[in-house]
Amino acid sequence: MVDSMDMANSSQNTFRRRTMATSEMREFLSTKDAEPNNFGMQTIPESPTPSTPTRRMSIGDSTRIYDWEEPRFNIQGFVVDYFTYRIAQNGLDWYDAPALPDGVQKEHEMMRSLGTIFEKRHMEMFENFSEQLLAVPKISFSLYQEVVQTVGNSSNTPCPMSYGRLIGLISFGGMVAAKMMESAELQGQVRNLLMYTSLFIKTRIRQSWKEHNRSWADFMKLGQQMKEDYEKEKDAEEGKRLKSWSIIGASVIAVIVCGRIIFSFK
């Protein structure tokens, strides 16, 4: 009986240390009021952008088709492609990944580039986040859901699914998926990650992109601009600048994970 209690206390203390050990977490928690206006993507403006040309259906001139409504731009395709790409970066294969009916689009490739840039800019934070998020496998997916909801539903951006937030969510999800694929216990949750991330983003695109004049065509233009800017600045000491997404991201992860882990031992 004593041995069982000692083991439980030891496990609880281990997880508490894991969630509180990162000095950056403690520092960022002191700035809870910070909110990411563009998910750390300073080169992507969040003010309304000019409308871009869209196609019309051959039947009924009054029916407008936005590019984000086209089947080849189904958001699940973006998530599948990025998750597959990110998992491959770790030398692994997502053997049961859903197929892409229309193949890899140039927009998917742009998302790969921007997601990679986003992760590089937040590499240390991402590593700390994933360590804490996956500390207790039985609650990893539910923790991921809470993080996505908390960050994705923040209201301080003009567009609920801004380009920066879109890139950040897919990039973060891809990193978590890659980490899950390394664990036999967590591999089966990658598809759950895919479905949840896709539905979350799809819902918000349909709710906001029309009103805020967002489109994949505009995403491509701004994405190219960001890539060019990144090439110019990648040798600069970016680490000296504190990113707003990192601030709220660290706060969200630390609070949610620490609370849930402690609760799981009660």
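Glycine residues also receive a Cβ, built from the backbone N, Cα and C atoms like all the rest.
Annotated compositional bias 'Basic and acidic residues' per Swiss-Prot: 24-35, in sequence order.
Marked as region 'Disordered' by Swiss-Prot: 1-58.
For the motif 'BH4' (75-94), residue counts in helix, strand and coil come to 15 helix, 0 strand, 5 coil, using DSSP. According to Swiss-Prot, the feature motif 'BH4' maps to 75-94.
Feature annotation from Swiss-Prot assigns motif 'BH1' to 156-174; the stated evidence is sequence analysis.
The motif 'BH2' annotation in Swiss-Prot covers 208-223.
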Beyond the flanks of the motif 'BH4' (75-94) by 6 or more, those residues with Cβ under 8 Å of it: 100-102, 104-105, 107-108, 111-112, 115, 170-171, 173-175, 177-178, 181-182, 190, 193-195, 197-198, 201-202, 205
The motif 'BH2' (208-223) - residue tally per DSSP class, helix then strand then coil: 9 helix, 0 strand, 7 coil
